[in-house]
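The structure appears right after this line, and notes come after that.
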Amino acid sequence: MTQTSGTAMVLLTGKSNVEASVDGVLGGYGHVNDQDLKGSEAFLNSLLRDRLLRNRHLVALDCGSGIGRITKNLLIKHFNEIDLLEPVSHFLEAARETLATEIDVATDQHSAANFFCVPLQEFTPEIGRYDVIWVQWCIGHLADDDFVSFFKRAKTGLKPGGFFILKENIAKTGFVLDKEDRSITRSDLYFRQLFNQCGLHLYKVKDQTGLPDELFAVKMYALTVDKPRSTKKTVSKQHINLPGIIK
Ligand SMILES: C[S@@+](CC[C@H](N)C(=O)[O-])C[C@H]1O[C@@H](n2cnc3c(N)ncnc32)[C@H](O)[C@@H]1O
């Protein structure tokens, strides 16, 4: 069940010969940077509005951060502290250097705090530290069991009301394996089944638009630990309160 069309934006396995640049971490597709960040910012803003997180000290974790592209251009504007996790040391060092010199955006109130040089498989977050855990273009390096155990461990790292944002390439059906970089691209249905196994609830999902046609489709998922309140529930509650016949 694989698709033949759709080029994987290369998911890097940490080869030391990959240049520590936007083009390098995006597998030669550095030109999608602006469009990607635009889509991410709109999605994040809608979530921050919905979840009423605006007035608190906000902390994010940027998973598989590469050279800190997302932290530098997006997360640092919205979060007071950002931790970066990246297993490839020369990418993480590049991130550390860039973020240290980003004096325009990195202020006392907004800065990169911790740099973790480990893969997701070996990471357990501090309990209740994060409002948002951002996971973009790196989860394809985790097999299903590692995927599930990562999200189960990482749930404890979220504050009440916090959420995961997963932004990923999407296969049309089933999955696509890339033998060269040893990554898996999953379908939307496949992801949703994994979210269930992790005990996560899908709060919002949006397609990334405007990327080149030869690339896989990309979706953004917002996932919560608590079950989102549904309108249906409210309606059925109202029914319970309607006058009824006393038996
Ligand atoms: C395509 S790049 C994306 C980087 C960044 N998320 C971005 O969008 O700019 C994939 C990143 O995932 C990292 N990565 C690979 N295996 C990983 C793992 N097991 N855990 C965490 N990150 C991993 C790579 O080193 C690389 O920096």
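Using the three backbone atoms N, Cα and C, a Cβ is placed for every residue, glycine included.
Between the candidates Q35, Q136, TrEMBL assigns the S-adenosyl-L-methionine site shared with G64, R69, L120, Q121 to Q136.
Taken residue by residue with DSSP, Q136 (S-adenosyl-L-methionine binding site) is part of a strand. There are 26 other Cβ atoms within 10 Å of the Cβ belonging to G64 (S-adenosyl-L-methionine binding site). Sequence-distant contacts of Q136 (S-adenosyl-L-methionine binding site), defined by Cβ-Cβ distance under 8 angstroms and a gap of at least six in the same chain, are S40, C63, G64, I70, I165, L166, K167, E168. Of all the binding-site residues given, namely R69, L120, Q121, the one with the smallest number of surrounding CB atoms inside 10 A is Q121.
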